[in-house]
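Notes to accompany the following structure.
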Amino acid sequence: MAALAEEQTEVAVKLEPEGPPALLPPQAGDGTGEGGGGTPNNGPSGAVPDPPGAGAPGAAAVSGSASGSSAPGKVASVAVEDQPDVSAVLSAYNQQGDPTMYEEYYSGLKHFIECSLDCHRAELSQLFYPLFVHMYLELVYNQHENEAKSFFEKFHGDQECYYQDDLRVLSSLTKKEHMKGNETMLDFRTSKFVLRISRDSYQLLKRHLQEKQNNQIWNIVQEHLYIDIFDGMPRSKQQIDAMVGSLAGEAKREANKSKVFFGLLKEPEIEVPLDDEDEEGENEEGKPKKKKPKKDSIGSKSKKQDPNAPPQNRIPLPELKDSDKLDKIMNMKETTKRVRLGPDCLPSICFYTFLNAYQGLTAVDVTDDSSLIAGGFADSTVRVWSVTPKKLRSVKQAADLSLIDKESDDVLERIMDEKTASELKILYGHSGPVYGASFSPDRNYLLSSSEDGTVRLWSLQTFTCLVGYKGHNYPVWDTQFSPYGYYFVSGGHDRVARLWATDHYQPLRIFAGHLADVNCTRFHPNSNYVATGSADRTVRLWDVLNGNCVRIFTGHKGPIHSLTFSPNGRFLATGATDGRVLLWDIGHGLMVGELKGHTDTVCSLRFSRDGEILASGSMDNTVRLWDAIKAFEDLETDDFTTATGHINLPENSQELLLGTYMTKSTPVVHLHFTRRNLVLAAGAYSPQ
């Protein structure tokens, strides 16, 4: 499976002349778009460290046999096929040292690091985990089983607590045969573990290894680690802890350098006709349209062109239909009645509890206008409810439709079959649990993704399946429509996310680079980027135009299960099994906040409509509300911080937490803010 990460970025698709927007042009490029290995010391001075003897980690890392988190084009000794050549991947472990000396080598390095100055100790301690894993695997591969067992037992307790799950997998690999089928091992072997170390700490390490003639460790450093050297102060333990924890170490600084157009696209000019009731109600305040510009910078769509926005035609987007314009007018009217939230004005929360959901609720989505709610279940069904008094109706049969006067004003009403009206519709078609659901912005379609490896598109006019998209060979964990419709994204167990268009049966882009399952996928509000959260404990941001990876965020200590963009497009919030919510500045590629409080996996995140409040829902049966404006003010995003990753996260979770709301015994699967800023939450009651 590891080879999927090395496939080409996009699938070439033949362009059809008719139909909706022209397809994205296929781009040449590699799977992750971070360029080659890159010089490991792209610090401010840009000087290359002098290689000790034959080669330095500095030099070694340049030619790197990296995959996954660096460029697939540069993969050494890994066949880029459907399955990697396992023996080629493992053969690097042939160059063995004396097995009895491994413990001594590791103890020697450990003693050296523990006795070094405090400022260097925190940085050099990052070496413990990757060296421990590679030395253990080397012993196992060369069939020194007893030495490997003893080595593991002696040193596994020294590793950071957030590597416990990886160590559990590692402890089960005790024979050479076990290694061949193990994906985690192949990941570790084929992707270079990235460490960010200051030049002073690096020189100290280099000198020590040369003096001790410690070639075994030296070889591993050269072969398997990518040391990203920066000039300046070493980072503190706290700063390092905030950023590490992913399967392949930190992101290279180069990975987050490219420009991202995080601004919003200009809204189309639509005149809002005034209703009589509006005019009466608004006389003392002026017209509703006057109220709209009162929003502050974190507010949503603006009429002026955002300087950080992508060109309007950067990717082809579908034309607005008349029905879309009507919906936008409705939205604007609702906006005038929207509650302005803040620490002193918290939203009400309306919780939809799925009772007796013995089918096992596995996914939820709510339409933008909050009129429909869909649930995906473990019994392979998708169920759609109307949450307004308006019942769900199907279109009449073809024979009946031919009798309708097509010129009449209420033709859209006449085509509906009253006999089919009901509050609930059940959609049958999947052959496995449904893990993702997403309504199209115009409420005509619903997407669902399932364990059966397919994504299905359902019509909400006929309540039937229109298309089954087959591309993932394994379970598809999430899917989401673009905010403009037409495009959608899916992510699954095969470690890649795919971008689709509703009228193409093959994907337009394949986003490859994660080292484990892609658990969640989200479109940026301007539809030019897609964020993916993975079980490799990283979040990646992908450019829809060319399939390149433009941001890699590390810092979570567990698989990532939820993502949401702020309405202004500048920030990203992510939640994981570690119970933490991390906040990221997309433009600078930096972590800017950490919200602690949840005691279990954070399953859902959502910003309020104007971005003042972030709501998080968790398996700990709570919804928490956080002060987003305060979290994002006074950010330290100067060039030095960006260049070195010296981030200082304030310990202010308690100040930012505005409220915690318990359910009786219902994990919070989904959150949604209505157009007037009421919170809708959903989950299935699970009796203890």
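For all residues, glycine too, the Cβ spot is worked out from N, Cα and C.
In TrEMBL this protein carries:
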type	residues	note
REGION	1-78	region 'Disordered'
COMPBIAS	57-78	compositional bias 'Low complexity'
DOMAIN	97-225	domain 'TFIID subunit TAF5 NTD2'
REGION	272-326	region 'Disordered'
COMPBIAS	272-283	compositional bias 'Acidic residues'
COMPBIAS	295-306	compositional bias 'Basic and acidic residues'
REPEAT	354-395	repeat 'WD'
REPEAT	427-462	repeat 'WD'
REPEAT	469-500	repeat 'WD'
REPEAT	511-552	repeat 'WD'
REPEAT	553-586	repeat 'WD'
REPEAT	595-627	repeat 'WD'
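Of the two recorded stretches, the repeat 'WD' (511-552) lies close to the repeat 'WD' (469-500), with three or more CB pairs under 8 Å once pairs fewer than 6 apart in sequence are set aside. Annotation: stretch 427-462 has the most Cβ pairs under 8 Å to the repeat 'WD' (469-500), among 427-462, 553-586, 595-627. Beyond the ends of the repeat 'WD' (595-627), by six or more residues, the same chain brings 295-296, 298-300, 335, 338, 340-343, 346-347, 349, 351, 558, 561-568, 573-577, 579-583, 653, 655-673, 675, 677, 679, 681, 683 to within a C-beta distance below 8 angstroms of the stretch.
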